[in-house]
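Written out below as structure tokens is the structure these notes cover.
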Amino acid sequence: MTTSTTFRPVIAIHGGAGTITRASITPAQQQAYRDALRDVLQGAQQKLAAGAPAEEVAVEAVRLLEECPLFNAGRGAVFTADATHEMDACVMRGRDLACGSLAGVSTVRNPVRAALALMEAGGPVFMIGEAAERFAQAQGCEMVARDWFSTEQRLTQLRTVQAAALASGREQVALDHTAQSQTQAAPLDERKKMGTVGAVVLDVHGQLAAATSTGGLTNKKPGRVGDSPVVGAGTYAKHGVVAVSCTGVGEAFIRGSAAHTVAARIELLGESVDQATAEVIHRVLPPLGGDGGLIAVGADGEVSLCFNSEGMYRGQIGIDGEALVAIYANEALAPA
Ligand code: ASP
């Protein structure tokens, strides 16, 4: 496929999906999320408008989300069962299918920047743990102490999920925003749990890119890696087709090759971006336990923000600079 002759450059972002209802967060918290989404969109839009390549714009949006402790990536990342942080990130460029992924890093301030450095280095496309951290440091990425990522709120979430696991006698993990609602509400429903941040971009040159970053699931087993850094599962971009970033129960998104399946349906079946995302989110993933959502942008700038949970923090912005955001299901995008 070739670049569409008429296209609308755009950035779409997500800050995770899950049990996000009007009852589970206060009006002040809702506004804080809306403001944060707007600020991230406006920050990244400056790069878009200045003509930066799609991967740089996507990485900037995700970096800004990593810096915001409201979201489960970078500072504010959730805790593993050992009360540590293990973060994963990925960036993919549609033009040449270049990509870089890191998993299980705990000292890189902005994992998505290290993923970009890996992509640009042109060697391995996926690195893990301490070796990935040494790579990031050698590339000049900012390194921080392990506890730099910790927040009180995430620790409370961990303790809540662990108490629920103890009470039920079953192993439990939780999607970030679901764990948050659990700290205020009903017992943990294992089918309803999420977090994570991502961005998809169609730049002014007609090029696509996607980036995703996450702390994973609250109370995850140390060493567990979700879909976010797995190309084709949590992140994917292909020139002339689509860029996709996912959030949800990573195991299902990996088993369903979620992001790549969206691209394949568009490319091979001729579906629209909306049709392909709906098929994956509402038909392919649910039988696999795939609660969550994804954001996608097609070669012409068609955006789909699709999820099967109660809510997904989401937004988009075009060249006009008007940031539009939404949180709940059945809520139209609107200025923050
Ligand atoms: N997909 C992420 C994972 O499974 C979690 C999330 O989206 O919040 O690691």
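Every residue, even glycine, has its Cβ placed from backbone N, Cα and C.
In TrEMBL this protein carries:
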ACT_SITE  Thr196  active site, nucleophile
BINDING   Arg224, Val225, Gly226, Asp227, Thr247, Gly248, Val249, Gly250  substrate binding site
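Ranking the binding-site residues Arg224, Gly226, Gly248 by Cα distance from Thr196 (active site, nucleophile) puts Gly248 first.
Of all the Cβ atoms in the protein chains shown, 17 others lie within 10 Å of the Cβ of Arg224 (substrate binding site). A simple way to gauge crowding: the CB of Val225 (substrate binding site) has 19 other CB atoms within 10 angstroms, across all the protein chains here.
For ligand 1, the nearby binding-site residues are Gly248; that is, of Arg224, Val225, Gly248, these have a C-beta under 6 Å from one of its atoms.
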